[in-house]
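What follows is a single structure, written as structure tokens, with notes after it.
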Amino acid sequence: MAPLNGPLGDLMMYLLPAGAAAGGLLALAIHLSRRPGPLLTGAAVAFAALYAGTVLLVAVDTRLLTMLGYIPFLLVLAATDPAALPADYGWPILGHQLVLLAGVGLWALTAATAVRKATGTCSHCGRSDRNRGWFTAAAARRWGPPVTIAAAAIPALYALTRFAWAAGIPLGISPDFLAMMQGNGMVHAGLGLASMAALGTILTLGLLQRWGSTFPRWIPGLGGRSVPILLAVMPASLVSVVVVPAGATYVRIFASGIPTGIPFDAVNWATGTPTLLWIAWGPLLAAATLAYYLKRRGTCSTCGRDG
């Protein structure tokens, strides 16, 4: 993220520390209160939403997603030619962005805690004796499949277009632009991220498959065993928050009209459309992950409720 300059930057220098202090006091009040009132609960939910929106749409950019997409390439490079690894990959910025994303998760948990305390539901699972809404296992089995398929379709579109370009097929771009990318090697630049996107598509669809809850029998030592819920939930949750800032960054780039050297029009729709959809991919993947969790969480060890 480029630094904020001018009056807005000066204002943010005061607002951000003040907001952090206010958020800390609010979180402390939530955790100390046995049953927070509507005002305190509403403040927690509003602060969590404001913080998440600021982090995901403004403060974080494409760096984390790029790093995740090129992890296989970096691992191979580290094993074969460590000297070729980039000396400065921007780790301070990446570390800062990871801390901000961790804050999104912590504030989501804080807001959920406030709501559960205020409504008298189970502090561990959020269920109650009158639990008949969207967050039951039965409801998740209904709305989960279409959401999961939609979440898988977005990375599939990105992977399909980039693989097609590498194969010499001008899918969603003009033949002239494909020839230019072939000439400068740019046609292969997105293969690492495209490979991870294809893997993400398969794993997302796995949330609906039997092998998403039980390891296939051909896997040595694990075949037939139950897949730990967090083994699926944690990576999917990470990706769901990382892709939103990347999508928001591309929305700002294309909306600004700043020349990028990459054509984006009716003929060359594939240069931008798949990445613009990332801002929707995040919420869809988060919902698909939630549905998977709701279907598999079983009986609560705290309140004994099921469903």
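Any Cβ shown, glycine's included, is placed from N, Cα and C.
Unlike curated records, TrEMBL annotations are generated automatically.
Taken from TrEMBL, the feature transmembrane segment applies to 12-33 (among others). Tertiary proximity for the transmembrane segment (12-33) is limited to same-chain residues at least six positions away from its ends with a CB under 8 Å from its CB atoms, namely 4, 40, 43-44, 47, 51, 107, 110, 113-114, 117.
TrEMBL lists 39-60 (among others) with the feature transmembrane segment.
Panel annotation: around the transmembrane segment (91-109), residues 23, 27, 47-48, 51-52, 55-56, 59-61, 63-64, 67, 237, 241-242, 245 of the same chain, lying at least six beyond its termini, place a Cβ under 8 Å from a Cβ of the stretch. Per TrEMBL, the feature transmembrane segment maps to 91-109 (among others).
Per TrEMBL, transmembrane segment is recorded for 149-173 (among others). Below 8 angstroms of C-beta separation, residues 181-182, 187-188, 190-191, 193-195, 197-198, 200-201, 204-205, 208, 263, 267-271, 273-275, 277-278, 280-281, 284-285, 287-288 of the same chain, each at least six residues beyond the ends of the transmembrane segment (149-173), sit close to that stretch.
The transmembrane segment annotation in TrEMBL covers 185-208 (among others). Long-range contacts of the transmembrane segment (185-208) within the same chain: residues 65-66, 68-73, 144-145, 148-149, 151-153, 155-156, 158-159, 162-163, 165-166, 178, 232, 235-236, 239, 285, 288-289, 291-292, each at least 6 residues beyond the stretch ends and with a Cβ under 8 Å from a Cβ of the stretch.
Residues or ranges marked as transmembrane segment by TrEMBL: 229-255 (among others). Nonlocal intrachain contacts for the transmembrane segment (229-255), taken as residues 6+ away from its ends with a CB within less than 8 angstroms of a stretch CB, comprise 55-62, 64-66, 68, 97, 101, 104-105, 200, 203-204, 206-207, 212, 264, 272, 275-283, 285-286, 288-289, 292-293, 296-297.
What TrEMBL records for 275-294 (among others) is transmembrane segment.
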